[in-house]
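Database features (Swiss-Prot):
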- Gln86, Gly104, Glu105, Gly106, Lys107, Thr108, Asp494: ATP binding site (BINDING)
- 853-927: region 'Disordered' (REGION)
- 860-879: compositional bias 'Basic and acidic residues' (COMPBIAS)
- 907-927: compositional bias 'Basic residues' (COMPBIAS)
Amino acid sequence: MASFLEKVLRTGDKRVLKRLRTYADAVNSLEDSFKELSDAELRAETDAFRERIADGESLDRLLPEAFAAVREAASRTLGQRHFDVQIMGGAALHLGYIAEMKTGEGKTLVATAPAYLNALAGKGVHVVTVNDYLAEYQANLMGRVYRFLGLETGVILGGQEPAVRREQYAADITYGTNNEFGFDYLRDNMAWTEDELVQRGHNFAIVDEVDSILIDEARTPLIISGPASGEANRWYREFATVVQKLSPETDYEVDEKKRTVGVLEPGIEKVEDWLGIDNLYESRNTPLIGFLNNAIKAKELFRNNKDYIVAGGEVKIVDEHTGRVLAGRRYNEGVHQAIEAKEGVEIKPENQTMATITLQNYFRLYDKLSGMTGTAQTEAAEFMNTYEIGVVAIPPHRGIAREDKRDVVYKNEATKYAAVVRDIEERHEKGQPVLVGTASVEKSEYLSRLLAKRGVRHEVLNAKNHAREAAIVAQAGRKGAVTVATNMAGRGTDIMLGGNAEFNAVDRMAELGLDPERDAEEYEARWPEVLKACEEATRSEHEEVLEAGGLYVLGTERHESRRIDNQLRGRSGRQGDPGESRFYLSLSDDLMRLFNPGAAQRLMAIAPDDVPVTGRLITSGIANAQNQVEGRNAEQRKNVLKYDDVLNRQREVIYKDRKRILMGDDIEDQIRQFTEEVLSSTIAERTGKGHPEDWDLDGLWEALRAVYPVSLTPDEVVEEAGGRPRLTSDFLQEQILSDATVMYLEREEELGSEAMRNLERRVLLSVIGQRWPEHLYEMDYLKEGIGLRAMAQRDPLVEYQREGHAMFQDMMAAIREQTVVTLFNLEVRKQRTGAAGGAVELSAPQRPAFLQYTAPDEDGTPHAEVEAVDPGARERTSEDGTPTDASAGTDPAASSDRPEGETGGNRAKRRGASARSGSKAKRGKRR
């Protein structure tokens with residue numbers, strides 16, 4: 001199906017390209033007339049465009065003129081003129097396509113035209129990048145074009161105060177990372193006042209490196225969590241000790257490919273003996289299974305100095321693909337705590353989910369979505385199925401002159417790396433720059449040691465120098481440069497032969513103390529001379545590198561995805577420059593060992609140690625292994641989306657209701673409806689069966705008093721009905737609802753109408769804030785065990801949808817009940833405000849001091865980061881990653897004095913999903 005869809009999508013490319021070419025021709029026809037405009041006249045075009053949009057003119061019709069204005073502005077401010085293919089790429093973005101443009105085609109400049117055009121409507125444009133550095137760099141550089149045309153540019157960075165973020169979002173065009181945009185959306189839906197909101201809608205997004213963000217990172221949802229109750233540390237340490245006594249294969253199984261573990265019968269018996277329990281799988285022992293599985297994972301699947309390092313008494317994750325220490329990030333679902341127990345360091349607490357969304361569903365919020373990347377065609381079908389956006393391949397400005405050489409495969413790693421070092425030495429000696437891609441930090445450091453022994457000067461991008469990443473990558477095209485990096489490191493930074501003059505110019509301006517925002521006039525005045533000096537310095541070296549053969553990209557291992565391999569190759573041969581690429585592999589590489597072990601083992605048996613192996617078997621083996629991984633990952637993303645779609649429908653209901661309350665809507669009628677439903681349900685439960693003489697009116701009144709202060713007595717109601725036999729459920733409801741209305745009006749008269757409306761909003765927000773995280777917990781717990789339904793011949797997804805809907809209805813009923821109970825029973829203190837009388841004192845909900853943010857890294861692996869949210873503790877703590885206990889915002893009812901005997905908190909029965917105490921543990925599977 002996917003391959004058929006890909007063919008259909010490719011067929012449509014020609015029609016789209018024809019349309020884009022028409023737009024480019026129209027822009028070209030306007031170029032001379034825009035060149036004749038003065039700076040002031042060119043800037044005035046922006047106001048003219050806005051007036052035409054206000055009069056009803058469409059953006060499509062305005063495109064040629066707006067693009068021509070941006071082209072001329074970029075030429076005057078940056079010294080860069082949009083090529084025709086860049087205009088075509090920009091038009092594709094405006095039309096809501098993903099533009100596939102090869103490395104070096106100037107994608108950053110491409111985004112300026114559609115961003116400007118769409119910003120004219122006044123609804124904001126978001127430009128999404130892969131990291132904070134690129135967001136800030138692009139906002140500063142391209143912001144010069146926008147400011148020249150009279151638009152404001154903002155940038156969202158980690159650690160910014162809400163007031164600063166709100167200001168940045170108010171700009172016409174805002175740069176930032178997918179995680180920052182997504183977390184701001186979630187935080188807005190956790191806000192307690194309108195003043196706390198920072199985003200202003202989701203109009204149009206341009207996603208840079210769109211495949212990385214919407215594909216690679218889409219397996220992991222964004223999660224905001226706060227510490228859960230319970231003491232699990234003892235069990236983490238206990239099981240860290242227990243698993244040391246268990247043996248792989250005998251007591252448990254490990255699947256490295258799927259990164260899963262399973263406990264075998266002998267292992268279960270040993271654990272039961274150690275813990276002194278009869279049956280590990282009894283319901284009361286179920287949480288222990290999660291601790292056991294995580295302890296085995298920590299022992300077998302996570303290695304020190306590869307997946308993480310231990311520094312300063314903390315376990316710090318190392319991103320295997322970028323080589324960076326992910327400061328403050330943590331594995332979720334108890335895995336990080338299990339590793340901490342294994343390493344004998346302090347165990348930080350687990351957390352409870354407070355808000356979550358997948359990247360797929362976040363980006364579906366935008367009215368229009370587009371993106372750019374050098375490698376999208378392989379995922380065209382998934383982009384269409386998931387996001388309903390097509391991929392169009394934009395032709396390069398100049399043909400690609402890079403020579404992609406055939407893979408060289410050795411029997412083992414030692415001979416492979418010996419050949420790699422020889423090849424690097426030869427290239428280095430003739431002055432050809434070399435970019436070496438490795439699969440992990442461990443491998444990059446190993447290769448670095450080999451190069452050092454041979455006296456080859458080189459730079460290494462790893463956990464120890466990630467702060468210099470962009471600078472190192474930008475200069476990786478200089479004569480004789482050797483740069484060793486993990487495959488994904490430095491993505492988004494252009495490698496220019498002879499050095500990156502523009503990058504050097506930005507650095508030079510910073511050295512001169514000039515800021516593009518603060519010193520806009522002086523910055524613009526000095527830029528041309530600084531850029532010219534940097535260009536002259538790199539021009540002669542550029543020619544020398546061209547003669548040496550251009551950039552040589554050497555891959556030391558194939559990535560799981562063909563797309564990542566293509567990205568690595570694509571670093572060479574930009575803008576028609578010469579270049580080469582080659583992969584050196586070994587039969588013991590992870591990809592071959594895990595995903596095509598049969599082919600690898602057969603070749604290992606016959607291959608000589610120091611002679612490279614070639615042939616169709618190798619090529620097909622690699623392709624087969626990559627297809628397996630890509631298929632598995634695509635299935636995971638599809639599965640994540642299916643289940644999140646269920647939760648997304650619920651989230652939309654909650655967030656829409658919450659936003660309405662937050663914006664100050666009058667919810668008096670909604671509260672009245674809540675009261676009717678809660679009381680009617682309470683009455684129906686106790687009068688639905690039997691004759692009136694059999695009804696337990698005393699029990700009913702006890703239940704009613706737990707909801708509101710009833711002023712009627714059972715005898716008064718019976719007398720009003722004309723006797724017990726004539727009593728009906730409808731009559732009871734009429735009397736009780738009338739009484740409740742009177743009592744509520746009395747309360748409103750006591751507090752004042754305005755204060756009552758405010759109290760209604762605050763209480764309902766608070767109850768939603770308490771119940772929604774509880775529901776997320778229950779849904780997560782349901783999802784963990786739902787796969788077992790397949791054993792009973794039932795579709796797990798259908799079961800999840802059915803039970804999830806029932807749980808959502810329970811939660812909504814619980815919200816209604818708790819809101820009504822709190823409004824009737826909450827004791828509200830008054831303050832004297834002079835002769836005018838009393839004012840109601842409403843305490844703000846308690847705020848957590850810290851929250852944990854879980855998000856995918858560049859390859860989609862989930863990691864968590866802890867950040868202070870308390871105004872007095874705003875400083876971001878990700879550098880040391882120390883999480884601090886925090887609780888969710890509390891219900892005003894929970895933090896205020898209530899009349900004794902009139903609270904709903906001591907009711908015997910709670911409607912809806914109840915929150916479990918203690919840390920959540922995965923359900924185990926006996927094998």
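Glycine is treated like the rest: Cβ placed from N, Cα and C.
Remember, it's a predicted structure, so these values are computed and weren't measured experimentally.
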With an 8 Å cut-off on Cβ distance to the Gln86, Gly104, Glu105, Gly106, Lys107, Thr108, Asp494 Cβ center, who else from the chain surrounds the ATP site?
Met101, Thr103, Leu109, Val110
Could you give the maximum C-alpha to C-alpha distance in Å for the residues Gln86, Gly104, Glu105, Gly106, Lys107, Thr108, Asp494 that bind ATP per the record?
16
Across the binding-site residues (Glu105, Asp494), the Cβ with the fewest other Cβ atoms inside 10 Å is that of Asp494
By a simple count of other Cβ atoms within 10 Å, which of Gly104, Gly106, the binding-site residues in the record, is least packed?
Gly106
Among the binding-site residues Gln86, Thr108, point out the residue whose Cβ has the most other Cβ atoms within 10 Å, with all shown protein chains included in the count.
Gln86
Can you count the other CB atoms that lie within 10 A of the CB of Lys107 (ATP binding site)?
25
Three-class DSSP secondary structure - Gly104 (ATP binding site):
coil
In the three-state DSSP scheme, Gln86 (ATP binding site) belongs to helix
